[in-house]
Amino acid sequence: MSFNTIIDWNSCTAEQQRQLLMRPAISASESITRTVNDILDNVKARGDDALREYSAKFDKTTVNALKVSAEEIAAASERLSDELKQAMAVAVKNIETFHTAQKLPPVDVETQPGVRCQQVTRPVASVGLYIPGGSAPLFSTVLMLATPARIAGCKKVVLCSPPPIADEILYAAQLCGVKDVFNVGGAQAIAALAFGTESVPKVDKIFGPGNAFVTEAKRQVSQRLDGAAIDMPAGPSEVLVIADSGATPDFVASDLLSQAEHGPDSQVILLTPDADMAHQVAEAVERQLAELPRAETARQALNASRLIVTKDLAQCVEISNQYGPEHLIIQTRNARDLVDGITSAGSVFLGDWSPESAGDYASGTNHVLPTYGYTATCSSLGLADFQKRMTVQELSKEGFSALASTIETLAAAERLTAHKNAVTLRVNALKEQA
């Protein structure tokens, strides 16, 4: 189905509607699964030697020193323009402001007299950040991951990226205070972070996007007892735009294309109650597409994308919630009025002047978001992902005495005798003291 085909939602059957909201299938082929498993085992067994071999094989690069020196990072910084450095500084400031505001206040309550319960927060001790390389290095992801890691207080932050690492990535690491940077990419980088090697430290949790091999490696290490936790399941990038007749077609088209250019498996959807708007957006997409360097990539993504006309904005919201987009852009006359009805979205952008690019780079929200329908249960990345919560309880003699019979009754009902005895022994000890 061509992206220029405008679909009337209410003329479709329930099955056709379901098909319209289906995402392009993603699944690791058996060969990818096997290849990744072999890479993980090899890196775990052979450490740095395996990493160097994979760099030569996949990156066509000879890596002598896996760790990037402070001198190399400083030199990279000198090669960047002041304009780019200033832009990064503004982005970091906004990201820092928003994520600092996410700090949870401690919880300290007395649930009943003499029974004190607390919730305290601790940082994840060590985290690994994977930053893809290639022709368009995602240095903005360094800012999005390293900034909350620093605010959370993670003691060790390790960054891996395929060699040769772009100057922008090295400077972003320096700007965010990341000192441990390694010339390692692909599934082998995930293996190094999960298991550790002679050079690369093992970490507790791994963050960051990547290709099918990286995604599969993250999945596999998260399921191994000796592996590492991961940030969230990953899928292709996606955006859904809700627009009414008051929207600017060129703005809508630019937002759709900003996601389509990510990759051929990206998906973009327009929902509008205005058929004229759908036609105008389709025309604007074609005009803008002709000017894009990544036009072919975007055009492939548009093959799995949709222009859908609904009966009203309420139906747009209903359909959006069914789909649960990674990015939701609302370009309507009263965009904020729709927010309360939104139940599933990674990040929401309101009004004509809130392009998705703002969240990708510099507004302050995080651009690491759940995709592929995971918005139903997963949240956008935030400070909490670099922290863990711990509960504390303390009972005084009086508090324990008042609660003892309740605990004994519940434990007995579950036939957990040792649980009951742990209370009864203390009750008897108090009686002897009396």
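Here the Cβ of each residue, glycine as well, is placed from N, Cα and C on the backbone.
Swiss-Prot lists S237, Q259, H262, H327, E414, H419 as substrate-binding residues, and of the candidates D204, D360, D385 the one it assigns to that same site is D360. Mapped onto three states, the DSSP output places E414 (substrate binding site) in coil. In three-state terms derived from DSSP, S237 (substrate binding site) belongs to neither a helical nor a strand segment and is classed as coil. Secondary structure at H419 (substrate binding site), as computed by DSSP, is helix. When the recorded positions E326, D360, E414 are compared by the number of other CB atoms within 10 angstroms of each CB, E414 has the fewest. Across the structure, N211 (NAD(+) binding site) and H419 (substrate binding site) place their CA atoms 49 angstrom apart.
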